[in-house]
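Per Swiss-Prot, the feature active site, proton acceptor maps to E89; the stated evidence is sequence analysis. Marked as ATP binding site by Swiss-Prot: G15, C16, M17, F18, S19, G20, K21, T22, D88, E89, L90, H91. Taken from Swiss-Prot, the feature Zn(2+) binding site covers C148, C151, C186, C189, and the record attributes it to sequence analysis.
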Amino acid sequence: MTRLSSGGRIEVICGCMFSGKTEELIRRLNHVRLARQRLIAFTPRRDTRYRLGSLVSHNGLSVEARVIDSIRDTPAHLNTDIHVVAVDELHLLDDPPDAAREVCQDLADRGLRVIVAGLDQDFRAQPFPAMAQLMAVAEQVDKLYAICVRCGAYATRSQRLIDGKPAPADAPTIVVGGQELYEARCRACYEPAR
């Protein structure tokens, strides 16, 4: 068990679609509440799958959150009473790749615990640059796995489907959706975008 320090830190929860990233984020935030620490959570405006203004896991767990367009919007919502800052679906924010690293490092340097969740790879199995940069400087990185819908192995890839077939390589990188558009797949069952 990792003992949390009293100083600032960055924690990253990553993985493919349906790996339980938001559920794990909500679990950690519930522990923060039990410790009577004040928190603020953020969710991207682009994430329209569930309730705007809430972090919502695929199994229905939820936490109230502020809606933002950019990671740079987070400091404006903070006050001196906040101990923990949480950001869900980081890869959906409209920012240059280094913005998340800069903002999260600044918050951690100010003594805050920063917990970020998001996809580590896009549907092409390429790293999301913002997540990759943040993972490099985080004190803790937890990669979660889903179950491959094809063979039952641990899944590490998000297969985007269009009419039941893998999306082409030139499809937009960001398309918000759930089981109607994506499947969790292992390396062997993943079909590269062409």
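Just so it is clear, glycine is given a Cβ too, placed from its N, Cα and C backbone atoms.
Shown here: features listed in Swiss-Prot, placed on the structure.
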{"residue": "G15", "record": "ATP binding site", "contacts (Cβ under 8 Å, 6+ apart)": "K21, L119, D120, K143, L144, Y145, A146, T156"}
{"residue": "M17", "record": "ATP binding site", "contacts (Cβ under 8 Å, 6+ apart)": "L119, A146, S158, G178, Y182, E183, A184"}
{"residue": "S19", "record": "ATP binding site", "contacts (Cβ under 8 Å, 6+ apart)": "L144, Y145, A146, A155, A184"}
{"residue": "D88", "record": "ATP binding site", "contacts (Cβ under 8 Å, 6+ apart)": "K21, T22, L25, A41, F42, T43, P44, D47, L55, A65, A117, G118"}
{"residue": "E89", "record": "active site, proton acceptor", "contacts (Cβ under 8 Å, 6+ apart)": "T22, T43, P44, R46, D47, A117, G118, L119"}
{"residue": "C148", "record": "Zn(2+) binding site", "contacts (Cβ under 8 Å, 6+ apart)": "Y154, A155, A184, R185, C186, C189"}
{"residue": "C151", "record": "Zn(2+) binding site", "contacts (Cβ under 8 Å, 6+ apart)": "C186, A188, C189"}
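When Cβ neighbours within 10 Å are tallied across all protein chains shown, the highest count among the binding-site residues K21, L90, C186, C189 belongs to K21. In the three-state DSSP assignment, the secondary structure recorded for D88 (ATP binding site) is coil. In the three-state DSSP classification, C186 (Zn(2+) binding site) falls within coil. In three-state terms derived from DSSP, C148 (Zn(2+) binding site) belongs to neither a helical nor a strand segment and is classed as coil.
Secondary structure from DSSP puts M17 (ATP binding site) in coil.
Annotated Zn(2+) site C148, C151, C186, C189; additional same-chain residues within 8 Å of its Cβ mean position, judged by their own Cβ, are V149, R150, G152, A153, A155, R185, R187, A188, Y190.
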